[in-house]
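This report refers to the structure that appears directly beneath it.
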Amino acid sequence: MASSSALLTGERLVVFLFAARVALAAPAGLAAPLALLAGAALAVELAVDRSAAAPSSPLRRFRTRPGASSGILLGATTLPCVMLARLIQLSRILPTDPNGAQEFAYLEMQYWAVSISCASVLAFFLWHLRQSANNEISKALKYGSLMVVLYLVTFLLFFLLKTDGGLLAMTKNGYLLCHGVAAVILIKHILEKFPSCSSFGEGLLVSSGLVVYFGDILARTLSKMEVSASSGAFIHTPGTQSEIATVIQGVLLGLFLLPLLYKSSLQVWVYCRTLGKQRTQAIEKRAEKRAGSAVFYISLLVVLLFLVPSWTRLVQGLEVHPFVWVLNYMFTNSDERLLLCAYWIFVICVSIRRFYSISKQSKTERILLRKYYHLVAVLIFSPAVIFQPAFLDLAFGAAFALFLILEMIRVWEVYPLGHTIHQFMNAFTDHRDSEILIISHFSLLLGCALPKWMSSGFNDRPLAPFAGILSLGIGDTMASMIGYKYGVLRWSKTGKKTIEGTAAGITSVLAACSILVTLLASSGYILSQHWLSLSVAVTLSLLLEAYTTQLDNAFIPLVFYSLLCL
């Protein structure tokens, strides 16, 4: 893990400016917790970085991604800033939208849930570092512990002052605190079961994001399972979620539960097979592998054919199977959608065939090859955001589900596709992918998809859905290519990012925004964002790309999206 014991680094300065920009636009009651969380994250990051060089560091048991800094400050502030920016955006329609108050209250609860998740993970790191003897580390631990305690006090005061302090309020507080416990359990699992796959900050982002996402699924499930409104529900989910979002949630819920079902079924099968052989004959390896593969495919069918439709029917009232619903959606008034599908298939097939042959030749630099993927993402997603935004949401969900299934088959070497997929995917890996997980394609897809998914409800910032496409497909690509070929002046002595590359990235994104504004205006959209605010958003996002050693595909789109929402 790359470390920096200096108080002020380029990454920390950019993250501070980003969090300050969001906090200054928010009400004081919601900005103060963010400030305390950022202060605690900075103290914990300093303690972790200073303890990294010690051979007896308590956190050495967790092997993080080589070459990456701890990234705790960035990981702890990104999602809370995203939620707070969405709250600021949603507050602009409260006086006119009859459903706005309920949506705002639910999103406010999600903001507290993700903030508590991040604060709990920070407390987890503080607990592991409590025995460090270094004076500088001890001082950082004291400041971090103080900030976490102040954050918890602020959280309790906020809900005590906002509610009457009754049983429902206490139940809601307990429900939110459960998010923190789940986040700690999840990040511990990620760091232990997937060594060298992520930094602390990346693990924090993934764990807090998954906890809030599945917390939303749980909340929607519980709200639909109530017998009557008189049962005194402590969670009220807004009824504005689209059928597409519910189908995506149902499929992802099933796929994330698939490993539990598969491993459990496999253990039962092995136990029964061993009993059948009376523990005297060794199970033939090939037969065991094929039988295990059969268990996987059966588990996958059970999830997709029974679990997913049961949940979507409960939550959204879908009377048909989600796959049937998707087919009906695609082929009803579908000329534009089918044409878009044909265009996607053509671009993907040509790109994969071309890039696969290039990667085998090993003459093209990996950094340039990766950026070609980003340009392909621009070609694929940009037309759909303008002409078929709802269909793109569905396509993003389908692509992510397919990636999950393929990665499970590859990691578990499921016969007969596991080895073939592993060989094929290895041709597209980079230095951030480990032997266990290949995450570069996930991060690029989610980097483009998350801003679009989060903009599916109310959105008065037409450029916000393009945040991932602009920052990764245009800004990051141009910064890397120009910096690699023409860059001379480096941002730091140890880094590879250049000032010329960052300037090219900023210029290219602003130029792309001006073109998009013209296209969107012809489609009836009105740009309600000042160019000064847009320039600040672009500049901070590209400066983060220049300084961070974290997974930029995951963080930069979320930072850019948050700033565009203000």
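Each residue's number is its place along the chain shown, starting with 1.
Including glycine, each Cβ sits where the backbone N, Cα and C put it.
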(message) Labelled transmembrane segment by TrEMBL, one stretch among 72-89, 378-395, 540-557. Can you tell me which?
(response) 72-89
(request) Between the transmembrane segment (294-312) and the stretches 141-161, 173-191, 203-222, 242-262, 504-525, work out which stretch tops the count of Cβ pairs under 8 Å. (result) 242-262
(request) With a Cβ cut-off under 8 Å, give me the same-chain residues at least six positions beyond the ends of the transmembrane segment (173-191) that come close to it. (result) 62-64, 109, 112-114, 116-121, 123-124, 155-156, 159, 197-198, 200, 203-204, 206-208, 210-212, 215, 234-235
(request) Count the Cβ pairs between the transmembrane segment (141-161) and the transmembrane segment (109-129) that lie under 8 angstroms and are 6 or more residues apart in sequence, then report whether there are at least 3. (result) yes
(message) If you count every Cβ pair below 8 Å, which range out of 72-89, 242-262, 504-525 shares the most with the transmembrane segment (203-222)?
(response) 72-89
(request) Would you kindly list the residues that approach the transmembrane segment (242-262) from elsewhere in its chain, counting only those six or more residues past its ends and only Cβ-Cβ distances under 8 Å? (result) 213-214, 216-217, 220, 295-296, 299-300, 302-304, 307-309, 311-312, 315-316, 318, 322, 325-326, 329, 390, 393-394, 396-397, 400-401, 404-405, 408, 412, 453, 456
(request) Report, as numbers and ranges, which residues of the same chain sit near the transmembrane segment (504-525): CB under 8 Å and 6 or more residues beyond its ends. (result) 386, 462-463, 466, 470-471, 474-476, 478-479, 481-483, 534-535, 538-539, 541-542, 545
(request) Go through the chain and flag residues at least 6 beyond the ends of the transmembrane segment (72-89) whose CB is under 8 A from any CB in it; none is fine as an answer. (result) 11-12, 15, 18-19, 22-23, 25-26, 30-31, 33-34, 37-38, 40-42, 44-45, 48, 104, 107-108, 110-111, 114-115, 118-119, 121-122, 125, 199-205, 208-209, 212, 454, 458-461, 544, 548, 550, 555, 558-559, 561-563, 565-566
